[in-house]
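Peer 1: Below are the features I grabbed from Swiss-Prot:
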- GLY81, ASN112: anthranilate 1 binding site (BINDING)
- GLY81, 84-85, SER89, 91-94, 109-117, ALA121: 5-phospho-alpha-D-ribose 1-diphosphate binding site (BINDING)
- SER93, GLU227: Mg(2+) 1 binding site (BINDING)
- ARG167: anthranilate 2 binding site (BINDING)
- ASP226, GLU227: Mg(2+) 2 binding site (BINDING)
Amino acid sequence: MNEFKPLLGKVATGASLTRDEAAYVFDKMMSGEATPSQMGALLMGLRVRGETVEEIAGAVSVMRSKMLSVEAPSEAVDVVGTGGDASGSYNISTCASFIVAGAGVPVAKHGNRALSSKSGAADVLAALGVRIDLDPAGISRCIAEAGIGFMFAPSHHPAMKHVGPTRVEMGTRTIFNLLGPLSNPAGVTRQMVGVFAKSWIVPLAEVLRTLGSQKAFVVHGSDGLDEITISGGTDIAVLDEGRIHTFTIMPEDVGLKRHPAEDLKGGDAVHNAKALRTVLDGAEGAYRDVSLFNAAAALVVAGRAKDLKEGVEMARVSLDTGSARARLEHLVAVSEKLAPEAAQ
């Protein structure tokens, strides 16, 4: 820990850490070797100055090295958001994940309980009857048998227990809000990541490139959503075989209707679970359209659709044939069968 103080001093001057230096301090933090004061000072120093690509890459490399891994097919994708967008939206990425699975793409979904909203991915899945307490082998079985599996972040990142209390006491966004979506325990190299600010789409695409992702969309909606929105435009940074480019897309560009942002609002886990089921049952409206749009992006990232317009059509087929709904029912059944008490 004798190197922690000098590196903290470096951050205090406004200087950036190298990737190796960032890896060092985050290893100390996630090993329980840094004090709460040191952790709080470092996290706030990075936040105020602005975290760099190298710092995030160094921190993610440590988080990945300490996580409990899950085996998944190499073509598996994740659809995930950083949260922190204060939108209170319905669980868009979770619904989109079932649509993607229904289109034949394996999904390794990584998520947590609600942090800033009323219902996180773990909350709504539990309300739908999915067991979120499976071990890595059980999750791998879910992906193999149901086409989708859920990895509950706290179960796969035990080292985070060392920084959790400091994060709670700080009560503000830190670099850790960015690390979770970049630390999928299944090691997916194809992902759609939603972020809480437009300024982060290119830096996070650069981090994913540095860490070996094949293809990714990093997205931010003009209404503040950490998803692709249907109330206006969405800014997207695309990583594809080492190259990054950006574009802005509107719902009309892919044949979807525009809806006001308030129509995307959700409620608690029970409310959102009911809403998600209605979408999978074929209900029309804003929830369906925004889920189609986000699923389309994941299908492009997976290499199944050539563009977002084709992705929307593939997503429609997944919904309208009942395939997406079947993925949910299958996941509920398989996860229940593999639950800890069922194995006793």
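All positions are counted from 1 along the displayed chain.
Every residue, even glycine, has its Cβ placed from backbone N, Cα and C.
Worth saying up front: this structure is predicted, and the values here are computed from it rather than measured.
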Peer 1: Enumerate same-chain residues with a sequence separation of six or more from the residue listed as 'anthranilate 2 binding site' and a Cβ-Cβ distance below 8 A; give 'none' if the list is empty.
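Peer 2: Long-range Cβ contacts: LEU43, THR174, PHE176.
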Peer 1: Which of HIS110, ARG113 (the binding-site residues) has the most other Cβ atoms within 10 Å?
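Peer 2: Neighbour-count leader: HIS110.
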Peer 1: Do me a favour and check the Cα-Cα span between SER89 (5-phospho-alpha-D-ribose 1-diphosphate binding site) and ASN112 (anthranilate 1 binding site); whole Å is fine.
Peer 2: 15
Peer 1: Hey, of GLY81, HIS110, ARG113, which of those binding-site residues are within 10 Å of ASP226 (Mg(2+) 2 binding site), Cα to Cα?
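Peer 2: Hits: GLY81.
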Peer 1: Determine, to the nearest whole angstrom, how far the Cα atom of GLY81 (anthranilate 1 binding site) is from the Cα atom of GLU227 (Mg(2+) 1 binding site).
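Peer 2: About 7 Å separates the two Cα atoms.
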Peer 1: Can you tell which of the binding-site residues (GLY81, SER93) has the fewest other C-beta atoms within 10 angstroms of its C-beta?
Peer 2: SER93
Peer 1: Taking the binding-site residues one at a time (ASP226, GLU227), which has its Cβ surrounded by the most other Cβ atoms within 10 Å?
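Peer 2: When each Cβ's neighbours within 10 Å are tallied, GLU227 leads.
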Peer 1: If one measures from the C-alpha of ASN112 (anthranilate 1 binding site) to the C-alpha of GLU227 (Mg(2+) 1 binding site), what distance in angstrom results, rounded to a whole number?
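Peer 2: Cα of ASN112 (anthranilate 1 binding site) to Cα of GLU227 (Mg(2+) 1 binding site) measures 16 Å after rounding.
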Peer 1: Starting from GLU227 (Mg(2+) 1 binding site), work out which of the binding-site residues listed here (SER93, HIS110, ARG113) have their Cα within 10 Å, and give them in sequence order.
Peer 2: SER93
Peer 1: Could you tell me which of these binding-site residues, SER89, ASN112, has the greatest number of Cβ atoms within 10 Å of its own Cβ?
Peer 2: SER89
